[in-house]
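J.: Before I ask anything, here is the structure I am working with.
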Amino acid sequence: MSTGTFVVSQPLNYRGGARVEPADASGTEKAFEPATGRVIATFTCSGEKEVNLAVQNAKAAFKIWSQKSGMERCRILLEAARIIREREDEIATMECINNGKSIFEARLDIDISWQCLEYYAGLAASMAGEHIQLPGGSFGYTRREPLGVCVGIGAWNYPFQIASWKSAPALACGNAMVFKPSPFTPVSALLLAEIYSEAGVPPGLFNVVQGGAATGQFLCQHPDVAKVSFTGSVPTGMKIMEMSAKGIKPVTLELGGKSPLIIFSDCDMNNAVKGALMANFLTQGQVCCNGTRVFVQKEILDKFTEEVVKQTQRIKIGDPLLEDTRMGPLINRPHLERVLGFVKVAKEQGAKVLCGGDIYVPEDPKLKDGYYMRPCVLTNCRDDMTCVKEEIFGPVMSILSFDTEAEVLERANDTTFGLAAGVFTRDIQRAHRVVAELQAGTCFINNYNVSPVELPFGGYKKSGFGRENGRVTIEYYSQLKTVCVEMGDVESAF
């Protein structure tokens, strides 16, 4: 498959183990190929009736799945992981077409996806409570049990990976899931649904409904939904939390960020420069945990900035399906214009553009209507600038200087966000001292934007709560039952 050739020809909802047209509608959406600007799908958004059918179907599957042993669930999840590995190129290609990221990155995303399924497959059989001895031979014990039907609402920057991150722990714990992808990237979640079915989950255990805000509202307010896990913006996350609260539903929120990356003068310069590029330009800068506020100690500011600009200008932009491309297009035209608008405001507020920040038109004529821009490096930035305070969600790096550790910590924490943070230094004591003070849920030392599935990922403050990945996520997809066992006579007050 090549850029500019794919068109969706099958239904984009998945219910009961098969692709289906929605039973009713709440509008229509168009999905684009960012590389070319072509419409690849016009699809119906799921209405309240379709959402209810998906939830009821998942509820029936839950009754079967939750009764399986952890080892039985483990074997099926391992089979799903094997199929993902086997179909990696196909899935990665679909991610490129619908999302715009390079095939190089997309393959890494799919690797992380199957690793996530393998990880939680291993934990499925380890779910256990504890035994507590009580006086007189009595005792208590706890049971960790599934919640029921969980809802996953995904973002458009990592469509397949986020669907995997949300569904793997949910299914490992014995739950069912109804998943709603972003309407910008509706395609690849269907591949995951088909893979789960092929691996042997009960029909309906992982259903997919398409749509925007109205569909999301139907899901969050459904009385048979036990939990909602959302990845996306802060304003939408607040609405989801409010809707879920009315049904006393627990939520996991992975929201936005404006993360600091602190470069001390004793850093390994080569690694720090690579870390800054990783912190700003993966997936065209459309990553919630990006370290877009790059604080550089004054002693190395000029040298660091020079190297960053040099490396940024070498980034190959173009057709995301070409092996040597390292930056594809942004997700859509309105978002491209929004990001360019941030660069314009930054210049008006006194920032200096050292490279990029403008539209890029590839030589290939089929790409002329794609949503490309050159990655941008800004200097002369101040903490009160819009480009430093607000999440841009594009390939725009803001470089700021600092003098002391105490100063940079105060400035780094001066934000309503708290998703991630990073530090580059050779001083191991300083590294641990600094991350202990950073108000962020995910911190990196001498690296940035790596995602081992063994480690929990999530934020502080307005970046949300709950976690994706790691053993702790089992607790967010299960509930604890306490059982008290009396081995003697009842001591009655009456």
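Backbone N, Cα and C define each Cβ position, glycine as well.
Remember, it's a predicted structure, so these values are computed and weren't measured experimentally.
Pulled the feature table from Swiss-Prot, pasting it below:
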- E254: active site, proton acceptor (ACT_SITE)
- C288: active site, nucleophile (ACT_SITE)
- K180, G232, S233, V234, P235, T236, E391: NAD(+) binding site (BINDING)
- S2: N-acetylserine (MOD_RES)
- K30: N6-succinyllysine (MOD_RES)
- K30: N6-acetyllysine (MOD_RES)
- K59: N6-succinyllysine (MOD_RES)
- K298: N6-acetyllysine (MOD_RES)
- K303: N6-succinyllysine (MOD_RES)
- K303: N6-acetyllysine (MOD_RES)
- K344: N6-acetyllysine (MOD_RES)
- N157: site 'Transition state stabilizer' (SITE)
J.: Given the recorded positions K30, N157, E254, C288, tell me which ones have a C-alpha lying within 10 Å of the C-alpha of E391 (NAD(+) binding site).
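T.: Within 10 Å of E391 (NAD(+) binding site): C288.
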J.: Tell me, by DSSP, whether the residue listed as 'active site, nucleophile' is helix, strand or coil?
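T.: In three-state terms, the residue listed as 'active site, nucleophile' counts as coil.
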J.: Return the residues near K59 (N6-succinyllysine) by Cβ distance under 8 Å, restricted to its own chain and a separation of at least 6 in sequence.
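T.: The list for K59 (N6-succinyllysine) reads G148, V149, A176, D224, given in order along the sequence.
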J.: Which site among E254, E391 has the most other CB atoms no more than 10 Å from its CB, taking these as recorded positions?
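T.: Max Cβ neighbours within 10 Å, all protein chains included: E254.
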J.: Grab the NAD(+) binding residues from the record (K180, G232, S233, V234, P235, T236, E391) and give me their largest CA-CA distance in Å.
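T.: Farthest-apart Cα atoms in K180, G232, S233, V234, P235, T236, E391 are separated by 24 Å.
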J.: When the Cα of P235 (NAD(+) binding site) is compared with the Cα of each of the recorded positions S2, K30, E254, which one is closest?
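T.: Of all the candidates listed, E254 is nearest in space.
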J.: Name, in the order they occur in the sequence, the residues of the same chain whose CB lies under 8 A from the CB of K303 (N6-succinyllysine) and which sit 6 or more residues away.
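T.: Spatial neighbours, sequence-distant, of K303 (N6-succinyllysine): M269.
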J.: What are the non-local neighbours of T236 (NAD(+) binding site), defined as same-chain residues 6+ apart in sequence with CB under 8 A from its CB?
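T.: Residues satisfying the criterion: A213, G216, F230.
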J.: Between the Cα atoms of K344 (N6-acetyllysine) and S2 (N-acetylserine), find the distance and write it as a whole number of Å.
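T.: Cα-Cα distance, K344 (N6-acetyllysine) to S2 (N-acetylserine): 34 Å.
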J.: Measuring Cα to Cα, tell me the gap between K30 (N6-succinyllysine) and C288 (active site, nucleophile) in whole angstrom.
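T.: Distance between the two Cα atoms comes out at 24 Å.
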J.: Within 10 Å of G232 (NAD(+) binding site) (Cα to Cα), which of the recorded positions S2, C288, K298 do you find?
T.: C288
J.: Restricting to the recorded positions S2, N157, E254, K298, which ones have a CA within 10 Å of the CA of V234 (NAD(+) binding site)?
T.: E254
J.: Excluding near sequence neighbours, so keeping only residues 6 or more apart in the same chain, what lies with its CB under 8 A of K180 (NAD(+) binding site)?
T.: S46, V151, G152, I153, G154, V208, V209, Q210, G211, T215, G216, L219
J.: I want to check the contact list for K298 (N6-acetyllysine): same chain, sequence separation of six or more, C-beta distance under 8 angstroms. What comes out?
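T.: Listed in sequence order, they are S265, S401, F402, D403.
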J.: Which recorded positions (S2, N157, S233) fall within 10 Å of the residue listed as 'active site, proton acceptor' by Cα distance?
T.: S233
